[in-house]
Each structure stands twice: as structure tokens, then as C-alpha cells.
Amino acid sequence: MAFATSSFWGPVTSTTEWCEQNYVYSSYIAEFYNTISNIPSIVLALVGLVIALSQRFEKRFSILHVSNMILSIGSMLFHATLQRLQQQGDETPMVWEMLLYIYILYSPDWHYKSTMPTFLFIYGAVFAVFHSQIRFDIGFKLHYIMLCLLCIPRMYKYYILTQDKPAKRLAKLYVLTLFLGLLCWLGDRVFCNKISHWHFNPQGHALWHLFMAFNSYFANQFLMFCRAQQRGWNPRVAHFLGFFPSAVMLGFISKLYDGLSFDLDIYIVRKQCRFIVNHVQFDHT
């Protein structure tokens, strides 16, 4: 939303602005709250990445968490500058991220393993080139909604097949945060003219970012749990740092513990053999 003040980035060139006055707090940040509200997304994606690496989940989940961080950084740059180039840096990763979700959701039952990632990679590359040359605001939103809708049937199937109650709770939190986030997003878009006359702006788009941060985190943990079930790793939902619900693989921990125990037993036996040999040699001398 335009505001009469000096701007480091120059005139607004993006096709979209949100219901927040521009450059209120700094000439370097156009939409202050919409910019800083991406920080929770980066933090939660980093937490998810640590969990995925510590539990040795497949690389696809590490890439997914990194893509969440890239998307959040792109969103920060877009809302800070309101420039066309930075808008592409926000919207293109949104599509790439959804293609990654589609791969994670559908690849376990895909018979031709190499065709899906190849097709999705080409699709994402073609979209990036096309999106960089042509401005289409409504078309982009419809395209993104279509990709999101492709994920819903598969997420519902995973929810039905999952019997673990804490895991189902993750899925319910995913739906709840998505619903609340959409309400904030729609309110910010539809009622902006009224909100602009209020003494207090509820910052609906910033709240959308906050809810989407938790939405992505819950979705990722639920998908990690479902994938661990598919691989027979006996997963459960624990709390990382005592707060963040996370997918933990008991099967992997058990195998790791057994391996460490076996190595420890070998080490003890070797020490005992070395002691006996040394003791025999000492008695012989």
C-alpha cells in the first residue's frame, strides 16, 4: 500500500502490494511486518532440517526444509523491496516447493522412478523461464492453487492410513493452520480498503506468513512420519527440544544402538584378548 516517503529501492514495480503502508519504519524495508514475519519460517525450517539430518531421513526431506528456507528468504526480499525481480524470487520458489511436495507424496507408488523427478525438474525450469518473461498475476495464483489441490487427495490418503494418534494430530494441526492462514490472507486482500481506515492494522498477510511457517513444519513432520512407516522404521512422534513435535524413527535408533553395542562388545573382547596375551608374555618372561 503506497505511502509518501523516500525509498531506497525506488518506485514499486511488483504486480502485487499488500495491505501494509510502505516504508513506515525504514527506507530500506517497504512492508516491515510482512518482511520480518518470514523469520519464523526460516527458524522452523532449520529445526526441521536438524531433525531430518539427525534421524537420517532421505535427502528429499533435507531438500524440502532447505526449500522452505529459500522460499522464506525470497519472500523477505520481495516484501522488503516490492520489486518485480524479487517478486519472481518469491513466486518461482513457491512453485518449485509444490513440485517437491508432489514428488514426495506420489513417488512411493510411481512405477517408473526416474520419470517423475525428470518431468518435475523440466516443468519447474520451463515455468521459471516463462514466469521471468511474462507477468500474470491471476494466472500465477490459479496455477499455484492447482498444484496445491493435487496434493490434497494424497495427504488425505496418508491421514486415513495412519493409525498413530500423535501423527494424526500433526495432520490436524496442518489443516488448522492452513485454514487460519487462509482467513488472514483473504481478510487482508478483501477488506484492505476498510482496514486502511482503521487505527490498528491487524497485518493479515504477516499473520498468513506466521501460520504458514507452522503449516509447513507440521506438513513436513507428518510426511516424514508417513515415509518412515512406508520404510518399516517404526516411527513415533516425539518433541524436539521439548517443544517441537517431530517424527522419530525407533527402528533406526534400535539398529544404531545394536550396532554401537556390537562395536562395543568387539572392543571389549579385543581389550581382554590383548590383556591376556600381555599377561601370558609377562608370566613367560
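Even glycines carry a Cβ here, placed using N, Cα and C.
Summarising the annotation, TrEMBL assigns transmembrane segment to 32-54 (among others).
TrEMBL lists 61-82 (among others) with the feature transmembrane segment. The list of residues near the transmembrane segment (61-82) in space but at least 6 beyond its ends in sequence, with Cβ under 8 angstroms from a Cβ of it, reads 9, 12-14, 17-18, 22, 28-31, 34-36, 38-39, 41-42, 44-46, 48-49, 52-53, 89-90, 92-94, 96-97, 100-101, 104, 209, 213, 216, 220, 223-224, 227.
Within the chain carrying the transmembrane segment (119-136), a Cβ under 8 angstroms from the stretch's Cβ atoms is held by residues 15, 84, 88, 91-92, 95-96, 99-100, 102-103, all 6 or more beyond its ends. Feature annotation from TrEMBL assigns transmembrane segment to 119-136 (among others).
Beyond the ends of the transmembrane segment (173-191), by six or more residues, the same chain brings 18-19, 155, 202-205, 207-208, 210-212, 214-215, 218-219, 222 to within a C-beta distance below 8 angstroms of the stretch. The transmembrane segment annotation in TrEMBL covers 173-191 (among others).
Per TrEMBL, transmembrane segment is recorded for 206-225 (among others).
The transmembrane segment feature in TrEMBL is assigned to 237-257 (among others).
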